[in-house]
Amino acid sequence: SADKEKKTGKRKSVTIFGYPLSIFFIVVNEFCERFSYYGMRAVLVLYFKYFLKWDDDFSTTIYHTFVALCYLTPILGAIIADSWLGKFKTIVYLSIVYAVGQVIMAVSAIHDITDGNKDGTPDNMTLHVALSMLGLLLIALGTGGIKPCVAAFGGDQFNEDQDKQRSTFFSIFYLSINAGSLLSTVITPILRAQKCGIHTQQQCYPLAFGVPAALMVVALVVFIVGSGMYNKTAPTGNIMVKVFKCISFAIKNRYRNRSSKIPKREHWMDWAEEKYDKLLIAQVKMVLKVLFLYIPLPMFWALFDQQGSRWTLQATTMDGNFVSFLLPTVNPILILIMVPVVDFIIYPLISKCKLNFTPLRRMTVGMFLAALAFVAAALVQLQIDATLPDFPSSTEQQAKFINMVDRPIDITAGNNTFQLETFQSDQNHMYPYFKHFPETATWILFSNVFWLQFGDVVAKPEEGANAIRFFNSFGMVLNITVGEESFGNIISKNMSTYVDVPQGTAEFLIKNAAGNQCVFSREFGFGSSYTFIIPPTFTLEENCGQHIKEVEDIKANSIHMAWQIPQYFLMTSGEVVFSVTGLEFSYSQAPSNMKSVLQAGWLLTVAVGNIIVLIVAEAATLPDQWAEYVLFAALLVLVCIIFAIMAYFYTYIDPAKIEGKFANLEPEDEKKKNLEVTKKDMVENHNEKRRKSSNSSSDEEETSQTNF
């Protein structure tokens with residue numbers, strides 16, 4: 001009836017094949033929102049490092065701070081939706097905040113807005129940082145705030161007799177999440193790799209952030225378009241608020257009755273019985289029992305979420321051309337493969353072996369697999385470190401020598417004595433610090449008494465590029481270009497600046513003032529640095545490259561990214577066993593009306609896990625990255641042991657039976673409450689009569705009867 005629809009907030013919806021048409025808008029909205037979030041997050045740590053020029057540790061800190069905020073704000077969103085605005089308005093308003101945040105993030109990545117001198121470097125980096133932080137704060141509030149609302153709002157579109165359709169909807173809903181995540185982690189890094197800019201062409205972060213911003217606007221528009229078809233339930237009060245109030249009252253009441261003369265109660269939550277019914281107290285006890293098991297879980301997420309920070313940064317020092325393409329998709333692809341494999345092959349095989357593989361034991365195994373993943377990451381890091389160059393400390397300087405004389409020459413530098421052949425270079429040597437020389441330098445020798453000194457690159461080239469420079473010992477000025485980049489006019493006996501050349505075959509166009517030119521081709525890997533020497537005997541002919549001598553300043557990355565696949569496989573296996581099982585366990589042990597409380601608690605463990613990364617990254621002053629990986633692995637193994645002990649003593653319950661038991665007692669409780677109210681009224685009436693009447697015998701009789 002119309003009255004019933006008004007009361008429940010439900011309306012007769014348009015259906016297709018038995019499904020409300022309104023869920024189409026919700027599923028599309030979720031797909032676009034997840035594309036927006038994961039697409040932006042896929043390149044976020046690279047944006048910190050290469051655009052804002054933050055170091056690895058600070059980039060990791062801000063990244064995990066952002067992720068932690070994204071998993072803290074769902075509690076706020078749930079309270080706003082259930083206690084104030086309702087799910088629909090909460091989703092709309094916070095989606096607007098979300099979209100504004102994404103747009104601000106895209107604007108913050110436009111280097112031209114503060115590049116007054118048009119040199120490709122922002123003149124006011126503070127403005128870009130401020131815009132970035134504002135954008136991330138709004139995104140965290142938006143994505144976290146709508147997280148607990150969208151799925152529940154989709155469930156509200158179904159009637160009570162549509163359990164099967166509702167179950168199918170949730171399957172499609174979570175498929176849209178994975179689809180949005182997978183596509184965005186493929187597309188967004190490709191967009192970042194494009195070149196864009198008004199004055200200078202650089203990595204296109206505005207496009208990489210702009211497309212997710214556009215998708216969030218689309219998500220908002222699609223959701224609003226379906227407004228007229230939605231069933232919108234009015235806010236009825238948030239169960240989390242009731243739980244917190246019940247716990248708070250129990251603690252306060254226990255403190256007020258802390259005297260040893262007062263009888264103890266079976267459970268500390270029983271001190272809430274003066275104000276709350278036994279059913280609610282029993283439900284809170286069940287929730288607290290599960291939340292206690294959640295205490296060790298953040299350590300798993302501390303390791304898991306470093307896939308987007310430390311592991312991404314690790315990949316930038318490796319050999320492979322898919323750091324911006326395939327790498328971010330490894331986890332979602334493995335998830336799609338591993339979930340059915342584990343559910344339909346691994347678990348049935350374990351069951352046939354008569355092993356009692358309980359949910360808590362599965363979660364313990366998942367934590368152990370995550371620890372193994374970090375051990376694998378540490379082993380890979382050790383191999384990477386062996387290929388990285390050694391740069392001087394604050395008390396050292398580094399130098400190498402190049403012999404430009406037409407005969408071998410003997411060199412004594414510090415404690416090192418060696419001989420160099422013509423056009424040959426020695427390896428880098430460390431020497432005590434001398435303030436008049438750069439920390440790393442190349443000495444080009446033209447005789448025993450005449451040399452030139454040039455500063456070298458002081459860090460590994462970024463993003464897999466190759467730092468290339470030319471030394472011109474030819475008798476005239478030469479102009480050298482590669483693609484759209486120019487080394488400029490290099491005068492005789494002078495060194496060009498470094499130019500970043502991407503991986504692949506590079507063709508250097510060399511020409512003189514008379515217009516004569518030739519092309520020098522060279523294949524490059526990732527992360528190398530070379531000094532190319534143009535000798536006095538150089539000629540601008542077809543095969544001019546054969547005359548050019550090269551000196552390797554920094555070796556190319558030689559550890560292939562494929563070596564990261566084992567650590568991703570172990571981490572994803574741990575996620576499937578830990579995360580999916582954890583949600584299943586939580587729901588099976590949660591009271592019927594408090595599943596949202598445990599969902600909030602589960603999301604809170606993710607937030608705390610990211611906070612742990614912040615603490616370790618800032619507090620642990622470990623000189624080597626592999627040692628940090630081992631530290632995290634050791635901490636998780638320790639936590640894993642503690643969790644296994646806690647799980648051993650945990651007793652599984654059936655919430656429905658416990659709720660049924662207390663539900664049957666409710667009528668008796670109501671009778672007791674009614675009797676107490678009646679008795680209280682009688683006492684108040686009696687006292688009123690005593691004030692109005694004298695001490696008659698009839699009054700005494702009435703009093704004695706009433707008191708009895």
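Here the Cβ of each residue, glycine as well, is placed from N, Cα and C on the backbone.
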Of 12-29, 444-461, which span is tagged transmembrane segment by TrEMBL?
12-29
Using a threshold of three or more Cβ pairs below 8 Å, and leaving out pairs closer than 6 in sequence, do the transmembrane segment (286-304) and the transmembrane segment (125-146) count as in contact?
no
Counting Cβ pairs closer than 8 Å, which of 12-29, 64-85, 362-384, 597-617, 629-651 has the most of them with the transmembrane segment (172-192)?
12-29
Determine which residues of the chain contact the transmembrane segment (324-350) at the Cβ level, with the cut-off under 8 Å and only residues 6 or more beyond its ends counted.
42, 178, 181-182, 185-186, 189-190, 192-193, 307, 312, 315, 357, 561, 564-565, 568-569, 571-573, 575-577, 580
Same-chain residue ranges lying at least 6 outside the transmembrane segment (597-617) that approach it to Cβ under 8 Å:
57, 60-61, 64-65, 67-72, 74-75, 78, 147-148, 239-240, 243, 287, 290-291, 294, 297-306, 309, 582-583, 586-587, 589-590, 628, 631-632
State the residues, same chain only, that lie 6 or more residues beyond the ends of the transmembrane segment (64-85) and have a CB under 8 A from a CB inside it; answer 'none' if no residue qualifies.
41, 44, 91, 93-94, 136-137, 139-141, 143-149, 235-241, 305, 308-309, 596, 600, 603-604, 606-608, 610-611, 613-614, 617
As a test: from 12-29, 91-113, 204-225, 286-304, 629-651, pick the stretch that has the greatest number of Cβ pairs under 8 Å with the transmembrane segment (362-384).
629-651
